[in-house]
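Peer 1: Sharing a structure here in structure tokens format.
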Amino acid sequence: MENYCILGNPNVGKTSLFNALTGSYEYIGNWSGVTVEKKVGKLKENVGQLIDLPGTYDLSPISKDETVVTDYLLNDSFSGIINIVDASQLKRNVQLTVQLLELNQPIYIGLNMIDVATKRGIKIDYHKLMKKLKTPIFPVVARTGKGTKYLLGEIKHLGEGYQPHFKINYGEKIEETIKNMCQIIMTETSHDKYQARFIAIQFLLNNMQIANELNSEVVNKLSSLRDQVAEQVGAVSVRREMERIRNHYIETLLQDVVTYPDEDKQYFSSRIDKILTHKYIGMPIFLAIMWLIFQTTFTWIGTPLSDQLDAFIGGTFTDSVKTIMNYLGVIPFLQDLITDGIIAGVGSVLVFVPQIVVLFFFISLLEDSGYMARIAVLMDRIMESFGLSGKSFIPMIIGFGCNVPSIMAARSIENEKERLTTILIAPFMSCSARLPVYALFVGIFFKENQSLVVLSLYVLGIIMAFLVSTVLTKTILKNDNAIFIVELPTYRVPSIKTLWRSTWEKAKGFVRKAGTFIFGGSVVIWLLSYVGPHGINVNINQSFLHMVGSFFGMLVQPLGFGTWQAGATLVPGFLAKEVIVSSMAIIYSSGDAGLVNVIQNQFTPLSAYAFMIFILLYIPCVSTVAAIRKETYSWKWTALAVAYPLVTAYVLTFIFYQVGHLFV
């Protein structure tokens, strides 16, 4: 099967095009840093495989995700490249295009966001550009799918009759050096003359990954030639001279291809940014938007829908299942397991799906509109005080959905110590798995202020992340403040299709977890409540679950929720935070009183908020721990990522409850 790779600058629509060409769905957002590892999909019509590579501005990598690109181009086999460029930012995008053309591999250029360019008054004669580059160009709008069907039909012809042709003349002295380098590379390695020229050019540009691909003897010979030409070039470095020549080539290439409107025209994005990124009013606007989202999620839309679903699962559905099992003569043990264990456990989590969907819809709306990138800029000013840059806030925002992709997104951070710090604080972000816990307790104890209480927990998670990052960056991960440079995407009206797919994929992951982790956890919790030292079908106070819960309940007694029931829910919470709710449903619903009544009797508003603080901050779930181990390559850092949140959660919850108890 033929392999094709898709390449481009960050946030030019690579993943949108990938989804359109493969029919799959990968996470997209109107901001940079979404793709941090290569993703493989099967092209429609069995054309071949398409590999979506992380966005990069240059083939000389400075971050872990950019390393993936250069490594793939040098070491993997592929039939051609699809270079997607932003038509509204063509001059900057062509910088990467030129480097890819120097590979002298079959290439198609996808001219994306042609609609945005047109709205800005930018006119591009892509036919003329195609003739100049001698490379096929396909105008597309990846977000809507316009032009992608034609591109798909042409991909199978990519490389047919291809003859390497692209070459920039870097001047007599540098070209002579490139020629000598090529001879060494072809003699000492298996690369052909075209690959050798690309390697020589990248070596002269100080691409360290290229140097790492060669043996030390070849590197020494090439370094000697580079030093010689550096003396010949004079005061200007070889790299700077080559970049000057390349920039001149690009300007000449585009001068009669692209026509720009009046430069004095101020775009809509710029006018809006003056308000949304304002250093004084930008943050209050962000908090107000988040309050509106939570108000909609927990008061206006989400909760009423959840109540209806809860009534259906706990009433009609459960009664129907009981009737069917009685008719079939199912033994009492299985009946209890299914109704009191599986339906009670899994159902207690599924009732929050409407709230999850509403929340994900609005987060997807903020992402696709381009607003999320502005939040990173806004937070950069604050995060400098805590030893981080705004680039760390991008993975943190992703953590509102799930902490696992949040940790993986830290690959886009160039500075290794800042990347590691971001990984260690990312689990403090309130992921969707914690939301059912919040929803359950705010619905019982804080009915009039549900959105404000949940917002306070999200803000608390961010504050704790900042405080911990301060400690880390001043002690074991000392680091100079990094400069944060980010491209602000154009504001756009999100498409209904994109919003629906994004919301559905996120919600689907939540439901899928209900069918795996939560299902398994519910069965185990119910069995532990069913079995005890004295046999089976024991009173829950004589069960193994009571024994385990009593031990942990004793440990958290100073935190305000030291019952055996609360203690028993904390252990399976390591598996997945949603299991906390399913465990409560099984434990608290085992008696005559309902779940809500029992929680009201065993918690107060103060202890309920203390419990939510503890759930927010304590041990990350097992999937997050696995992601931390994968990204840090260290059991030491993984152990720290498990231990310090537990200590932090205990200390902060203890202080909150004990101080609050003095006033309540």
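Numbering starts at 1 and runs along the chain as it is shown here.
Positions of Cβ are set from backbone N, Cα and C atoms, glycine also.
Below, the features straight out of Swiss-Prot:
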| type | residues | note |
| --- | --- | --- |
| BINDING | Gly8, Asn9, Pro10, Asn11, Val12, Gly13, Lys14, Thr15 | GTP 1 binding site |
| BINDING | Gly33, Val34, Thr35, Val36, Glu37 | GTP 2 binding site |
| BINDING | Asp52, Leu53, Pro54, Gly55 | GTP 3 binding site |
| BINDING | Asn112, Met113, Ile114, Asp115, Val141, Ala142, Arg143 | GTP binding site |
| DOMAIN | 1-161 | domain 'FeoB-type G' |
| TRANSMEM | 281-301 | transmembrane segment |
| TRANSMEM | 342-362 | transmembrane segment |
| TRANSMEM | 382-402 | transmembrane segment |
| TRANSMEM | 425-445 | transmembrane segment |
| TRANSMEM | 452-472 | transmembrane segment |
| TRANSMEM | 516-536 | transmembrane segment |
| TRANSMEM | 544-564 | transmembrane segment |
| TRANSMEM | 567-587 | transmembrane segment |
| TRANSMEM | 608-628 | transmembrane segment |
| TRANSMEM | 637-657 | transmembrane segment |
Peer 1: Name the residues of the same chain, 6+ apart in sequence, whose Cβ is under 8 Å from the Cβ of Gly13 (GTP 1 binding site)?
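Peer 2: Spatial neighbours, sequence-distant, of Gly13 (GTP 1 binding site): Ile84, Asp86, Asn112, Met113, Ala142, Arg143.
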Peer 1: Validating a neighbour-count step here. Other CB atoms within 10 A of the CB of Val141 (GTP binding site): how many?
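Peer 2: Looking across every protein chain shown, the total is 20.
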Peer 1: Can you tell me which of 281-301, 425-445, 567-587, 608-628 gets the most C-beta pairs within less than 8 Å of the transmembrane segment (637-657)?
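Peer 2: Per the Cβ count, the answer is 608-628.
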Peer 1: What three-state secondary structure does DSSP assign to Lys14 (GTP 1 binding site)?
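Peer 2: Reduced to three states, the DSSP call for Lys14 (GTP 1 binding site) is helix.
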Peer 1: State, in range form, which of 281-301, 342-362, 425-445 has the highest count of Cβ pairs under 8 Å to the transmembrane segment (516-536).
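Peer 2: Stretch with maximum Cβ contacts: 342-362.
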Peer 1: Relative to the Cα of Asp52 (GTP 3 binding site), which of the binding-site residues Val12, Thr15, Ile114 have a Cα no more than 10 Å away?
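Peer 2: Within 10 Å of Asp52 (GTP 3 binding site): Thr15.
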Peer 1: Near Thr15 (GTP 1 binding site) in space, meaning Cα within 10 angstroms, which of the binding-site residues do we find among Glu37, Ile114, Asp115, Val141?
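Peer 2: Checking Cα-Cα distances against Thr15 (GTP 1 binding site), none of the binding-site residues falls within 10 Å.
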Peer 1: Other residues near the GTP site, CB within 8 A of the CB centroid of Asn112, Met113, Ile114, Asp115, Val141, Ala142, Arg143?
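Peer 2: These residues sit around the GTP site: Gly13, Ala87, Val116, Val140, Thr144, Lys146.
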Peer 1: Reduced to three states, what secondary structure does DSSP give Asp115 (GTP binding site)?
Peer 2: helix
Peer 1: Could you pull the average pLDDT for the domain 'FeoB-type G' (1-161)?
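Peer 2: Across the domain 'FeoB-type G' (1-161), the average pLDDT comes out at 89.
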Peer 1: Looking only at the recorded stretches 281-301, 425-445, 452-472, 608-628, which one has the largest tally of CB-CB distances under 8 Å to the transmembrane segment (567-587)?
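Peer 2: Comparing 281-301, 425-445, 452-472, 608-628 against the transmembrane segment (567-587), the winner is 608-628.
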Peer 1: Same-chain Cβ contacts of the transmembrane segment (608-628) under 8 Å, 6 or more residues past its ends?
Peer 2: 403-404, 407-408, 423-424, 427-428, 430, 433-434, 437-438, 441, 444-446, 453, 457, 460-461, 464, 556, 559-561, 566, 570, 573-577, 580, 599, 637-638, 641-642, 645-646, 648-650, 652-653, 656-657, 660
Peer 1: Quick check for the class: what is the C-alpha distance, in angstrom and rounded, between Leu53 (GTP 3 binding site) and Lys14 (GTP 1 binding site)?
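Peer 2: Approximately 8 Å lies between the Cα of Leu53 (GTP 3 binding site) and that of Lys14 (GTP 1 binding site).
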Peer 1: Any idea what the Cα distance is from Val12 (GTP 1 binding site) over to Gly55 (GTP 3 binding site), rounded to a whole Å?
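Peer 2: Cα-Cα distance, Val12 (GTP 1 binding site) to Gly55 (GTP 3 binding site): 8 Å.
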Peer 1: Find the shortest Cα-Cα separation between Val141 (GTP binding site) and the binding-site residues Pro10, Asn11, Lys14, Pro54, and name the residue that gives it.
Peer 2: Lys14
Peer 1: Which residues in the same chain, at least 6 apart in sequence, have a Cβ under 8 Å from the Cβ of Asn9 (GTP 1 binding site)?
Peer 2: Gly55, Thr56, Tyr57, Val85, Asp86, Gln89, Arg92, Asn93, Leu96, Glu487
Peer 1: Could you work out which of the binding-site residues (Gly8, Pro10, Pro54, Gly55) has its C-beta surrounded by the smallest number of other C-beta atoms within 10 A?
Peer 2: Pro10
